[in-house]
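Per Swiss-Prot, ATP binding site is recorded for Gly235, Gly236, Ala237, Gly238, Val239, Gly240, Lys241, Thr242, and the stated evidence type is similarity to another entry. Feature annotation from Swiss-Prot assigns compositional bias 'Low complexity' to 33-42, 58-71. The annotation region 'Disordered' is assigned in Swiss-Prot to 20-44, 58-81. Feature annotation from Swiss-Prot assigns transit peptide to 1-54.
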Amino acid sequence: MASRRLLASLLRQSAQRGGGLISRSLGNSIPKSASRASSRASPKGFLLNRAVQYATSAAAPASQPSTPPKSGSEPSGKITDEFTGAGSIGKVCQVIGAVVDVRFDEGLPPILTALEVLDNQIRLVLEVAQHLGENMVRTIAMDGTEGLVRGQRVLNTGSPITVPVGRATLGRIINVIGEAIDERGPITTDHFLPIHREAPAFVEQATEQQILVTGIKVVDLLAPYQRGGKIGLFGGAGVGKTVLIMELINNVAKAHGGFSVFAGVGERTREGNDLYREMIESGVIKLGEKQSESKCALVYGQMNEPPGARARVGLTGLTVAEHFRDAEGQDVLLFIDNIFRFTQANSEVSALLGRIPSAVGYQPTLATDLGGLQERITTTKKGSITSVQAIYVPADDLTDPAPATTFAHLDATTVLSRQISELGIYPAVDPLDSTSRMLSPHILGEDHYNTARGVQKVLQNYKNLQDIIAILGMDELSEDDKMTVARARKIQRFLSQPFHVAEVFTGAPGKYVDLKESINSFQGVLDGKYDDLSEQSFYMVGGIDEVIAKAEKIAKESAA
């Protein structure tokens, strides 16, 4: 009994000593700034006002955000903003690939804040993605983390990633954090904007039902694009998405009065370089003293970039386009190649952050990530953004979650088919799968609408007859069906067209076909005016006049 009382007494004493040690150690670990902050009452509305300033709207003037701090200047570590913790210094605690954990003793940065690694060979920007607790944040690197070590100092910039915007970006190539990568010196401007912004409010948005003529027959006739709308180019690997988007830049940007922004998201560096050279040759981009006359800005985050850069470069390109729309009232063309890589990069980031994957291994936030980008691409009362997006379709499966989620945001879809490309018909646009909200008699007029529907009807009938032809042959068809097949094959070949950007490969000069000429030409084929011409004369030509000239040439060659 006495031994039990002695044991209980010893346990109580040790517990009291341990509790005292714990309370003393906790008291020592509380930062003085935290105790001062808790004892001082916050001014009324202070945090609310800071939150309003931190969250920038899409219609905010371009001159408000300040230039991002340069890592070359030695920061003092003094906090200049209590809400964002700007100016505070943290330390790298863990590096796993593109994910970097940083600890801040004070001045914890909010989500999406940009941090800059100090004493680094290159300017390395990190974006806060998660708060882990105990003053630790998990960030995504916008560049390679080679050479980064634990204990390295990190500066809290107090704002999201901020990039230069305005006319100074025209004719230049910038990366995800707004640095010039064309070796033509830094971009000199007073206008900077954060890449994370809200979509325009409902009252600011406007919709106009106006067709955007591209000069490409199959697009203008069967799936016309809306000015100020969102257009998707769907296709698997190697069916011609990038060539089509380059032809659109060539045709539309030349005839278009406003500015263009091209965002290269996770695509081949070679193609980005080719596009830059072609733009210089065609006069879309001008160098030297005439740079201010350039019509296009390029934003690149290519295949070799870390997932953080590929996940954010689309937002950088969109921010540049938004400035032209909101501050200058321009009608802007935004080309994104490839929007699937945006989804793919966000999937990589999601896995690195430890989120449980959703369907087919994609991130659970797939719809949210895509919606945040797509909803900012819109037409306002000040100006418009017409977006053309190349969309890679994994394994040619249009039901894959990535392309399927994108469908909901688009006004027109141009589907590129491998079966059509195997026939040697380029652009390999599927005339039956491609759709457009603009295909209405109230918008296009009766002539255009009836011609487009007539072409689709003939092609659909031909598709239905192909099984019969494969089993029984052409001889078993009725005379009407034989005529349908003959006209469908001519229409199929007439939808092909030589491109300006493909002249170096094909040797054939590119053709730009006016919309009225396209309508009249196809209506003539439907009416049977050209039934006597051979199929071959309809292949890779512009208007119907070229078809007749080619048919005469073929007839002369065969007669000789």
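Cβ coordinates are placed from backbone N, Cα and C, and glycine is handled just like the others.
Reduced to three states, the DSSP call for Gly235 (ATP binding site) is strand. The Cβ centroid of Gly235, Gly236, Ala237, Gly238, Val239, Gly240, Lys241, Thr242 marks the ATP site; residues of that chain outside this set whose Cβ lies within 8 Å of it are Tyr392, Leu416, Ser421, given in sequence order. Listed in sequence order, Lys241, Ala390, Ile391, Tyr392, Val393, Val415, Leu416, Ser417, Ala428 are the same-chain residues at least 6 apart in sequence whose CB falls under 8 Å from the CB of Gly235 (ATP binding site).
With respect to Cβ neighbours within 10 Å, the binding-site residues Ala237, Val239 differ, and Ala237 shows the lowest count. When the binding-site residues Gly236, Gly238, Gly240 are compared by the number of other CB atoms within 10 angstroms of each CB, Gly238 has the fewest.
In sequence order, Glu267, Glu271, Asp337, Ala390 are the residues of the chain that are 6 or more apart from Thr242 (ATP binding site) and have a CB within less than 8 Å of its CB. Its own atom aside, the Cβ of Lys241 (ATP binding site) has 26 Cβ atoms within 10 angstroms in the protein chains shown.
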